[in-house]
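Copied from TrEMBL, the annotated features are:
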type	residues	note
DOMAIN	150-313	domain 'Palmitoyltransferase DHHC'
TRANSMEM	73-97	transmembrane segment
TRANSMEM	109-129	transmembrane segment
TRANSMEM	194-217	transmembrane segment
TRANSMEM	237-259	transmembrane segment
TRANSMEM	279-303	transmembrane segment
């Protein structure tokens, strides 16, 4: 038995030596990725709290990582697309539609289109600029007396209530809603109102262009369709003079008809571009109004409930967990439907619905995003 155990001991030592030798040949960067993948798979069965969500998140971790990298590197591209597409619609409205409005509409409708269009444009530009340039808010990195609910595993700093880590910004965000690639910025405590107002007024602007330009779109589409048919059925230019003698062209009646058709004034390049611009603007604004309108309605529902996109997911899981125990979950950050909107927009008196909601306003939101004192907001902030 002793010789056998000695042979097994030597064999194990040889295997360990071979493993170490091959491990040393593997590049350090590759070893890191292999260790990370091994850690992910080990977490599936070593974690006592493992469930279907944990398994799904672990399997989709490479996909999340790729999305974060693409979003981080192409953030400025998305911002450029927003500015370029919005500018193209404004350009068409000024140089194609505004002259038409000034020549064909009555004075009342003319004033309405000019006033509403410029007000909507100012609100879109103001809120988009503020949403992109305003920092969402970050927790203090030094030790403070601010109460916290947990410690961020990536930042290794205390996380106040409603704070979450953004993998794209590589930091924690106060009252984080989501990272918006179209802003190249996180939507958090200090710029959440700007983001929602931008979505709201851009949706209203796209709906305004889509509804008011529907007849122009139909006319432009029919005109372009007629031009395609005319080009498909276009006849050759008739030859006069000696051509009649050698039979190149048909008889005089048919030739006269062809001359009459060719002599009709064709559409110029400017006319074609006008019709194509109208079609482009209507298709773009109609598509954006549907897609962005759905997103705006979703965020309006979240604001009514007093929660963010991340908290909606967390609160849903918590409600299911308490429902199994026969208890009802209540969102501690909801102050009532109307009060949630007042807190979100910073409305403290009736005039603020005009000066802070319907007009550009750079006022700060309620609180500092670190603590959430519920008691002062339980009573109605403004009588209705």
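Each position is counted from 1, following the chain as shown.
Cβ atoms are placed via backbone N, Cα and C, with glycine included.
Note that TrEMBL annotation is computational and uncurated.
Long-range Cβ contacts of the transmembrane segment (73-97) within its own chain (Cβ-Cβ under 8 Å, at least 6 residues beyond either end) map to 117, 121, 124, 128, 132, 181-184, 202, 209, 213, 216, 274, 277-278, 280-281, 284-285. If you take every residue in the domain 'Palmitoyltransferase DHHC' (150-313) and average the pLDDT, you get 81.
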